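Annotated features, as they stand in TrEMBL:
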type: SIGNAL; residues: 1-22; note: signal peptide
type: DOMAIN; residues: 45-159; note: domain 'CUB'
type: DISULFID; residues: Cys45-Cys72; note: disulfide bond
type: DOMAIN; residues: 177-292; note: domain 'CUB'
Amino acid sequence: MAPHQVCSVLEVLLVTILVVEGIAIAQKTQGGQNIGLNRIPPTQCDNWVRTSNGGHFASPNYPNMYPPNQECIYILEAAPRQRIELTFDEPYYIEPSFECRFDHLEVRDGPFGFSPLIDRYCGLKSPALIRSTGRFMWIKFTSDEELEGKGFQAKYSFIPDPDFTYLGGILNPIPDCQFELSGADGIVRSSQVEQEEKTKPGQAVDCIWTIKATPNAKIYLRFLDYQMEHSNECKRNFVAVYDGSSSIENLKAKFCSTVANDVMLQTGTGVVRMWADEGSRLSRFRMLFTSFVDRMTPSFVTESEA
């Protein structure tokens, strides 16, 4: 082939490549945003209504077809001494598959993705009534890239936990018990409950300490004293630490065994919650909080100074 013919072929190939690339760029770009050929604009899983007695939520776009490639997680939280009942409305349709391997609802008995599995659900028939054994339920809806359906709408309500009922199911009132601390450092202590008479003898303890760090700082928590009566019975007795707010999504650590570790938070607001039923009132804790800035080692006061 002559040199001028080789050049002509190369020019044709170069023009072809540029045209193909131009078409691809035009398809990926709309209004200055890369939307891709196979990508679906993200759908917010925000169709969740919560009330003091329960709530309801649904798959994206319900009762219309839910979009592909979705993942929505719902963590339901009842008050202490309550459980959760979950029911589903009609119409209900999630792509059927063997063992619900494709589109499905996954329901777990607890607040985490590793809590005990209740079941996976899909198909044409809505699930029967689902009950938790504690005060949390973890739910995930997943859809793959094809064969969508109408989805679901679920309703949930809170019911008394029979483990804590007496006299025909009437519950003892839980007192309002909250404390606030702030500054560079300080002590969070359960003895404050008795000293300020937040609860009466024989009552359950459900108390919250909200900690505010100094401006632009985060919080480090160090246990100085910790004792759990009925250890490892976490429904009866625990100390929970939240990072930013008391929402279950912000749960950082939960201690109900014989050991409690130090906790470093990623925000300037920490929440410590202690729950002890009527038979666990000897449980106690004392922890030091310290405000710190990233890349700096927290400076602790000694236990004798506390």
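Just so it is clear, glycine is given a Cβ too, placed from its N, Cα and C backbone atoms.
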Taking the domain 'CUB' (177-292) alone, what is its mean pLDDT? 89
For Cys72 (disulfide bond), the number of neighbouring Cβ atoms whose distance to its own Cβ is within 10 Å equals 22
Secondary structure content, the domain 'CUB' (45-159) (per DSSP, counts of residues): 3 helix, 55 strand, 57 coil
Just give the helix, strand and coil counts over the domain 'CUB' (177-292), going by DSSP. 11 helix, 59 strand, 46 coil
